[in-house]
Amino acid sequence: MGQALACARPNDEQDFFNAVQAGDLDFVASALRLQPWMICRTTVFDRLSSLHVAASNGQLEVLSMLLDRTLYPDLLNRHRQTPLMLAAMHGKIACVEKLLQSGANILMFDSLHGRTCLHYAAYYGHSDCLQAILSAALSTPVADSWGFARFVNVKDGRGATPLHLAARQRRPDCVHILLDKGALVSATTAGYGCPGSTALHLAAHRGCIDCVRELLAWGADRIQRDSAGRIPYVVALRRNHAACAALLNPSTAEPLVWPSPLKFISELNPEAKVLLETALMEANKEREKDILKGTSFSLPPPAHSDGSVDDDDISEANDTELCCICFDQVCTIEVQDCGHQMCAHCTLALCCHSKPNPTTLCTPVPVCPFCRSNIARLVVAKSKTKEEGGKDSNGSKLKKARKSRNFGEGSSNSFKSLSSAVGSFGRMGGRGSGRIADSGDIPDKS
Ligand SMILES: [Zn+2]
Ligand SMILES: [Zn+2]
């Protein structure tokens, strides 16, 4: 056995790397027993270590065994890529998690484009890997030394953040996650005082309408110019992405933006947030239909804007409980602490409607439209109708009770103002198009 240790032939190395790649745990284990130094060997051309090969091929068992024998998970290949970068590139989530648990450094930069593992996950569109790395960033020393917000917006050698790469590579899921975690929607690839491209420019260039939609909903600026002086609309037009261009045309109605007052409501429940985001996207898609049809945008008037709720038939006729503001959508959001309920669309309208006070520039914290108490939390409303169905006669009693609760004490004024807010939900575009029309330097549609 001692002789076998003394003379490792190239063929042995080749067999060893083949076994790592194929996930042959027994072979790798016995090879390392006979020739322990094999773990330090790299492939000839790319200088890949066995860790790199196992990580990029998703061989979790082999990777775990190698990590048990290696003290350092951040070996570098020819391009200074770590095993974590390769696992993120190939979407091998189990290996990404294992490497993170083993203390792999998320703040290493390769020598190709100066990119981190977060750039790799965003570029290749592996949203699960992206999530895992972002979660790790909250708990690893990076959070202390660099700060989480800075890490989310880390730039590569050309000034691109992970958000830029996700938008450029048409990865709407990754765009969403990054924005949700604090990626700056207005970040540019610029450096040294020169203007650069925003993620919206790159999404426009690639014609990714889902990315454009996400970015606009997070407040991306349609009139920001890149280094060539172009707004995203012009970029989309030049590449013949007609649908994207239509949404990016600054003379069309502005899309709804995730309202900042929601940030002031403490403890926004994650499920409620998903409902609100869905409502926002639905509202924007409705608007898009009209933009894309080429017709002028109009929202149907609120169904019962006078707030007359005397007729009990409305909710009694339905199994599901309709929102008492729009009488159109199902109540999905509950305001706490007061317990009043409304639909996600009306909740959004309420928050979108709260404009900053012009003198103090403070955004008013939205209040419950029914009782005007402060909104401490928004949670998903528990559907009583589902649980009780029509079988239980208490069901209708409960509905009545809830309705009388919603329209109890002096609610008429605030209720009317919200009804008009729901109406103005659709009119917000007028503000923007007026501003654009005045500026005069925006290229025409034609
Ligand atoms: Zn509603
Ligand atoms: Zn209330």
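Glycine is treated like the rest: Cβ placed from N, Cα and C.
Beyond the ends of the repeat 'ANK' (46-78), by six or more residues, the same chain brings 16-17, 19-25, 28-29, 32, 36, 38-40, 84, 86-87, 89-90, 92, 94-95, 98-99, 102-105, 108 to within a C-beta distance below 8 angstroms of the stretch. Per TrEMBL, repeat 'ANK' is recorded for 46-78 (among others).
Distant neighbours of the repeat 'ANK' (79-111): 46, 49, 51-52, 54-60, 63-64, 67, 73, 117-118, 120-121, 123-124, 126, 128-130, 132-133, 136-137, 140, 142, 146, 151, 154, 156-157; these residues of the same chain sit at least 6 beyond its ends, with a Cβ under 8 Å from one of its Cβ atoms. What TrEMBL lists as repeat 'ANK' is 79-111 (among others).
Look at TrEMBL and you will find 113-145 (among others) tagged as repeat 'ANK'. When Cβ-Cβ distances below 8 Å are used as the criterion, the repeat 'ANK' (113-145) is approached by residues 82, 84-93, 96-97, 100, 104, 106-107, 151-152, 154, 156-158, 160, 162-163, 165-166, 169-171, 173-174, 177-178, 181 of the same chain, each at least six residues removed from its ends.
Looking only at the repeat 'ANK' (158-190), the predicted model's pLDDT averages out at 93. TrEMBL lists 158-190 (among others) with the feature repeat 'ANK'.
The repeat 'ANK' annotation in TrEMBL covers 195-227 (among others). Within the chain, the repeat 'ANK' (195-227) has long-range Cβ neighbours (under 8 A, six or more residues past its boundaries) at 159, 161, 163-164, 166-172, 175-176, 179, 185-189, 233, 235-236, 239, 241, 243-245, 247-248, 250, 254-258, 280-281, 284-285, 288, 436, 439, 442.
Per TrEMBL, domain 'RING-type' is recorded for 323-372.
Taken from TrEMBL, the feature region 'Disordered' covers 382-446.
Taken from TrEMBL, the feature compositional bias 'Polar residues' covers 409-422.
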